[in-house]
Structure formats: C-alpha cells, structure tokens
Amino acid sequence: MTTSAPLLHSEFAVGQRYLSDTESELGLGVVIDVDDRCVHILFPQSEETRVYAKSSAPLSRVVFKVGDSISDQQGQSHIVTAVDEVMGVLKYSVDGYEKGIMETRLAANITLAKPLERLLAGRIERGDWYDLRQDILRMQAALAGHPLKGLMGARVDIIEHQLYIAHEVGKRIAPRVLLADEVGLGKTIEAGLIIHQQLLTGKAERVLVLVPDSLQYQWMIELRRRFNLNFALFDLVRTAAIKEHDPEQNVFLTEQCIIAGMDLLLDHPDLYDQAMEAGFDLLVVDEAHHLHWDEERGGNDKYDLIADFAEETAGVMLLTATPEQLGTQSHFARLRLLDANRFDDLDEFIAGQDAFAETAAVAGVLIEDKPLSEGQIAALSGLLNISLDELAAINDDEKLRTYALNELLDRHGTGRVLFRNTRESVKGFHGRSSQPYPLPLPEAWKNSYQTIGKLREQLWGEENQPDGGWLEDDPRVPWLIDILKGALKHQKVLLIARSGATVESLEAVLRLHAGIKTAIFTEQMTLLERDQAAAYFADSEGAQILLCSEIGSEGRNFQFASQLILWDLPANPDTLEQRIGRLDRIGQTQEITLHVPYVQGTAQERLYQWYDSALNIFNKISPTAQNVQEEYIAELKPLLEGADTADNRTILQAVIKDALQTRLGLEAQLQAGRDRLLEYNSCRPRVAGRIAKAMHDFDGHNVLPQFVERFLASANIEYSVQRDGSWVIAPVDSTEISDYIDGLPLGDDDGMTLSFERNLALQREEIEYITHEHPLMQAIYELATTSTFGNTTVATLKSAAMPQGMVMVEVNFRVEAIAPKILNLPATLPTQNIRVFISEQGTDLSARISADMIMPHVERLDKNRARQVIKVRGDVIETRYYEAEEIAKKQLADIGEQASDRFSQQWSREIKRLKHLQTINPNVRPEEIERLEQLQAQGEQALASLSLVPDSIRVLVAVKP
Ligand SMILES: Nc1ncnc2c1ncn2[C@@H]1O[C@H](COP(=O)(O)OP(=O)(O)OP(=O)(O)O)[C@@H](O)[C@H]1O
C-alpha cells in the first residue's frame, strides 16, 4: 500500500479512500461529498464524519498496488491483480470476483501505523502495550514457519494415524486424495485438520463440502466446534433468500466456505451452474461410496456430478469407509476422479493390486527395524533399481534404510492417493460380539416362505406393507418389546432397519403400545427433526431406543451407546459395517453387543449364517467380505431364497465352508501385499510418532496463559480461574476499554469461558479452547499488523552510567515480502523483525544492549511528561529515527539473500523429489510440478524486493537510579 500527500482540489471524488494524517486511528475514511471548498469524509469504523477544507486537508490517499493484500467489507482478503480507475475511483481486480472490488468497498479497519509521525504528533501509547506488541511480533515470527501450523489449533485428541494423514496431505498444494479409514476412525477429523491447514496456510481459500443431507449439521458443528471454522450451510431456504435479495448474485460467491447437500445441486441445475461458475480451491465429498460407476452403465448421477466438479477444482478429497462397497469398478472410478492420468485402465489396476507382496514384505522388515536377509536385499535392489553394492550397508545405515523405505512406499500404486487405516493398526478398540435370536416361523408365514424366489420378501417383507399390517404376526415385534423391557431395560439402544417405513411402524408400536421412550431417525425427516431426535436419544433422561433407517443413520456418531439391534440384515457386508460403525468408533468405551433377531427357516436365518460363519463380520471387520460375497453371490442367492430343506441346508454349509477358506486366503494375501503397504503408507509409525510427540511437547510448553494474563491485565479486563483450571472472562463493558480491545471476540453478554488445556477443552465442549490459532488470538495478533496498538511509547531508563536526560531511540521494523500467502515467505526469512537501538549521539547500540537487558530498568513516564520530551527533543529523535531506518535497510539485502537461498533450496528439493517420483510412479500429476515451479519463481521474485515496514518506536530518557 502507498499513501500520497494532500491532493489537489480537483482530485477528490466521492468513493475515494483516505486516512487522516492527524487521526490515523479513525480508520480508513471514504469521501461522501465534495463541494467547491470542502471535502466530507466518513470514517465508518469509528462512525465519525469530518469536513476538511480541500486546500489544506490533512489526508493521505490510500492506494494499493498489484500484489498487495486488500480486505473487503466482509473481511475477506484478496490479492490485487490489477488496478484501474473509474471516474476517479480505483477498481481493484482480484481473483474470484469478476466485477473487481471498488475502493469504496474496502474494509475500514486499516490505520496508518507510521510510528514516527504518531510519536511526533504526541500520540503516545502505553508502555505495557508496547511490550505486548513486541511479544506479538516475536510469537508471530516463531509461528510463521511452525511445522504444526494448522494442526495446533484443533480441539482434538492427539491420535497418531490422523495426525500423520493430516500432516502428509495438509501440506500439499491442491491435494487430491481418498480418505478411506475404516468406519469410525476419524475421517471427518482428518478432513477437518486438512481443511484447517489449507485455509490457514493460504493453500485454499474457497472450500465446498458436499455431504448427504443427514450429515450437513454434523459437519457444520464439527468444523466450528473443533476447528473454529465457520462454514455456511447452503440449503434451499438459504439459497432462495440470497436470490430474493439479489437475483443477479451468484449465491455461491456470497461465502468462501460452504457445506451443501449433494441433492441440492442434483435437483437444481441453476444452483449447479452457479456453484461450478463460482469455483472452489478444495472440494470435499463425504460418504463417497454413493458415487457409483461401472463399465457398462457409466456413472450414477452423484458420480457424474462429482466428476464435473473434480475436473474444475484443484484440490479434491473423497471420504468413505467402504471404498469397495459398490465393487472394484466404482473404487477404481473414484480414484480416476482424483487422477485420470494414473487410473486410466481398469484391468491394469486390478492386476496391479495383486503385485505388491514382494514390496510389502521388504517394506515390512524395514519398518520393523529388522535386518534384511540376502534374498531381501537382492529383491530390494531389483525393486529400486539400485546396485547391490550401493545397498551393501543397508542393515547398518539408518539413512539408507529410510531412503529405501520411502522409495518403496512411494512406488506403491495408490500410495499418494489412498489412505486407509484399520482398527487392527490403530488399536484401542473394545471389540464387539453378537447375540443371535432365532425366532420360530409363524404359522401364517409358512406357506409363502417355503416357496422359492421370494428373497426380498423373506428378508424385508415388511417393506411391502407400509400400512404396518406385518406388525401383527412378525415374531420380532414381541421379541423387541421383551428385550427392551427386560435385558436392555437400562441401556441406550440403537436399532437400524433398512427402510424408513419399517422404522416408523415399529416406533409407533413401541411408544403407543409398550410405553417405551423412543426417538426416530429417518431420511424422510427434516434435518432439524433428525438432530432433535439424536439429542433426545443422547440425553440421559431421554429415549431408551433410537430407531434409524439405513440412510438416515449413515456417518452419525452414537458411540455413547453400546447395544445395537440389527432389525434386519442388509444385502451387502459393507452396509452392515456402516451400521455397526455407528457405535464401533473412536470414543466408544465399551464392548459392543450386536443383537440379531431372525426368523428360523427363512432367508433371514441363512443370511445370518453366511455373515457370521463365512464372513465373521459380526465379530470383526473383514476387509475382504465384500469381495468374497461378490465372488459367491451367484451360488449364494438361490440358496438364500430356496426352500428350507435338508439338502439346501447341507449345500449352504458347504458353500459357507468354502467361502470361509477363500476369505482367509484372500485376507492373508492382501495382508501380505496390498493392504500391508496401504497400512504402512497410511501411517508411517515413526513420522506419526514424531508429530504426536511434537504436539505433546508444544502443549507442555504453552506460553499463551502468561501472555493472555498480561494482555487482559493491560486491557483492564477481569477474569477468574475456576477450580477445574478454566478461566472465566467477565463480560466486557465497551465504555471502559480501549477501542483496540473493543473489537476483539471476547465472548457475549455472559463473557467467555476458556481453557488452554487440550484435555479440559475436550471434556467441556462449550468452552473455548485457546490456542495460537483461535480467532481471539488471531485478532490479538492482528492488532500488531493492522493497528497502532502500542506502536509508540516514551519511558525512562534507570542508569547510573548514562547522563541524566539523555535520550535513546529504539525502532522496530517488520520485514515483509509481498506475495501470496500460499508461499509462506515469512517462514523463510531469517529475521522478520529488525530492532535498532540508537543513542542520542547516534551510536548504534542494538547488538550491545538488548531489549531484555534494559527491561528491568524501564519505568513508565506519565503522558504529559512524555509529550514534553517529544516536544523538546523531537528533532533529535527524528534524526536518530532516520538513521535507524538506514541501519535496518542495510540488513535487508542480506536477509533477502538468505531467505531466497533457503526458499529456493526447499522448493527445488521438493520439485526434484516430485520429478524423480514421477519417473517411477506416474501417480504424480504434471500440473503439480508445474504449479510448484511457477510458485517458486513468484517467491524468488518477492524475496528479491523485501520491504521494510516501520512497526514501533520507543524513546527512553536516562534517569539516575
Ligand atoms: N482426534 C479425535 N479427538 C476427539 N474425537 C475424535 C477424534 N477422532 C475421532 N473422534 C470422534 O470419533 C468419532 C468418529 O470420528 P469421525 O466421525 O471423524 O469418523 P469417520 O471415520 O468419519 O466415521 P464414518 O466412517 O462413520 O463417517 C466422532 O465422534 C469424532 O468426533
């Protein structure tokens, strides 16, 4: 940004933006009227209007240039790409806003922080604010390149596999990945961590999360509660309201971070078009197993929708716990959405899946830190195309082992794209067991169930009678009432059935005829009704049983319950796994019991036997269940629907036995090959351990409580510490605090309860978890870069050695590189702040006398005396200031060079690694490399022209102790 001196009369125009030279704290003013002699300026932030004579207005025009960051009135930041003038008013072009941003629409909360002018004009800030400002600058400098950036601010438990994925994916530019951890292991948390990192580091600014309707609120709440990310929920009501307000407006451009239901875009082509046109940096799709594709029929509507968006969006994250639920073809097709170049041949993909056993075996030995045998070294040499000589020291050379392991894992086909952690590798789950309830076949059913060809009727016959006629003679109904009133009387019970109609009929019987407290949860209900039902079920005084339909319950968290009734059995094992996953997830503290009623002699019994004996799915998740079932389905289907004869029973047992062997064989094979590599790649234990340790260490050395304590004391804000360690900040009376503090997010009319402790924040979700990344801290940090908070001060320095009355000037400069946030250039600067300490005689004392050394001897000076000092010694202070600036400027070139070296090295290394990887694994997209090269050039350019921003100034007057 630049400002220019007072302007010629004719230059004023309505809409232009100015800062007051004498009252910069008014913020950015806008010209609202111009007449022959006067110009009228409104300062929106301070709600003041001033009228100046045009000939002598103490105003500076604010002009941004290409590459500057500007903020609009909604607080969104943009990088200026071009500047034009329209009738005297500037128009800033920025990415993503076709119309550009007129200067009239800029945010008003900038003030000119020129500390020297303020000081000389007698605007002297408090000494404690000056100290806080220095602390803020130091902390910001330390945080700029912190490896835990984007991870440290999340209200989550430190769980290694999640942190590993978040770290690995979150740091990528435009990541395209499939997050496929087994159900309930925290994919939403992983996605949240990645989104948070991408937003905080400027890698993404616009994010679209597409989820099934039933999960919209859950996502919105998780993102807000755990990551302080405010996503806007776009449904029909909201989009209609925006359209009504401004029919011309693209609704998807009114927010940066949006959650929407996939159906909204499918059912409303106009919204689809607008979302496409608006464009996003990152697309997140939950429950991605609903995207179906096969060679014959192509994609279903959801698949096609996401395929369109994936093509237009740089970053894409798909989430599903059951990637193979709809078969290998759909799995392959979803990978193709992420990278069409790599996944272009289905047959090759299928063949490739089996070819990883050797790689996995060698990787396993390396991971487990065991010595490689001669045979394994030979295999490694072949796999990596490295000579045996070069590998001779592999068993002793730690670096070589790490290199070899990384190479092996990088070559693994889906390595960079697919992440899948399993319960087995994550550990800490309490397990599950099943309880079958064989029920006698009712007389009335006998005839119909002895006939062949009625599989659906045997399994889910009630779905054909939505009037509830089936309730009368279905033996599961009295069984359900009995068990709820008996063995499960004091338990929270979740029941899942396939259809919403079944659940509704059942619920009515339980509530009206059996007097049981119920809640219901189906896709026919509105989101609000569903969330109310979930809350009623969670309440200790609330419903004993929550009855859910299949779709209605997907992705939801009910791990406070441990009893699951499977009213019926779904047709495929992955759907069953999704059901069990409602309870069997992180946070579950009990063993889970699955209650499975079935009617003897029907397909219900036979399907139970299949799931239990062939797939063992009630006891343990089986990664191969889906594939085994697909393999046997042709044999299985007639047996399931066939008559209950001795012959059929014998054949079914034989098929089950055979399938069991197949499953075990397949599991062993996958465990040795594909899945083993996938497991290694999804969480490299050492790296994950290091990140987790860094998080624990960071938590253990938290400097924030002391800082916040000083800040609150300086800001005159009261707080008390509660017995559990949380702090309660009293409601802030805005008349009693400085304007600087007034705008901070310090809670509502009741004040704010907060904690710096992760565990406490996890236990008490209603309190704020204060980290460096919390909005409050971000706002405090911004005080230093966007306001005059503490940027001038005058104090005394007790010193026996210095002549009484001598003045010393301490000037702090910020080193700024004007470049997109994504480059994170501050992290590459060896210094972000330059302090120059200069004596009255002009001696540079910066190196000899540090700020810490003088701190104990500094004492405050009252404002009048301080102003007196400035009045009397203003000239010498000004002279020394400019000398200080020269001293600082001299350091700039060196800082730029060092930063440039570091930056180029870092980026060249990454680009080289990717280029190398590309030669051995086509999974690396060429665009990825091109983008990095462009960014590297941009960064180098910015570092070659660093700017020095005067930040703050302190005048010290020597007094005898
Ligand atoms: N690191 C964590 N800290 C605290 N809670 C967590 C953490 N990870 C997961 N959880 C909790 O565990 C549950 C499962 O997590 P999440 O919903 O992210 O799993 P998922 O893999 O997306 O599940 P699904 O497969 O059902 O979609 C949630 O209640 C979540 O809040």
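The first residue you see is number 1, and the count goes up from there.
Using the three backbone atoms N, Cα and C, a Cβ is placed for every residue, glycine included.
Positions annotated as domain 'Helicase ATP-binding' by TrEMBL: 168-341.
Residues or ranges marked as ATP binding site by TrEMBL: Asp181, Glu182, Val183, Gly184, Leu185, Gly186, Lys187, Thr188. Taken residue by residue with DSSP, Gly184 (ATP binding site) is part of neither helix nor strand, so it is coil. Gly184 (ATP binding site): 24 other CB atoms within 10 A of its CB, across all protein chains.
Under 8 Å from some Cβ of the motif 'DEAH box' (286-289) lie the Cβ atoms of residues 178, 187-188, 191, 209-212, 215, 219, 306, 318-323, 325-326, 330, 334, 554-555, 574, all in the same chain and six or more residues away from its ends. Residues annotated as motif 'DEAH box' in TrEMBL: 286-289.
Feature annotation from TrEMBL assigns domain 'Helicase C-terminal' to 476-644.
Surrounding the centroid of the Cβ atoms of Asp181, Glu182, Val183, Gly184, Leu185, Gly186, Lys187, Thr188, where the record places ATP, the chain contributes additional residues within 8 Å, namely Glu190, Ala321, Asn421, Gly581, Arg585, Ile586. Lys187 (ATP binding site): 26 other CB atoms within 10 A of its CB, across all protein chains. The DSSP breakdown of the motif 'DEAH box' (286-289), given as helix, strand and coil counts, is 2 helix, 0 strand, 2 coil. Each of the binding-site residues Asp181, Glu182 was scored by the number of other CB atoms within 10 Å of its CB, and the largest score is that of Asp181. Annotation for Val183 (ATP binding site): same-chain Cβ neighbours under 8 Å, separated by at least 6 residues, are Ala321, Thr322, Glu577, Gln578, Ile580, Gly581, Asp584, Arg585, Ile621. The binding-site residues examined here are Leu185, Gly186, Thr188; by Cβ neighbour count within 10 Å, the least packed of them is Thr188.
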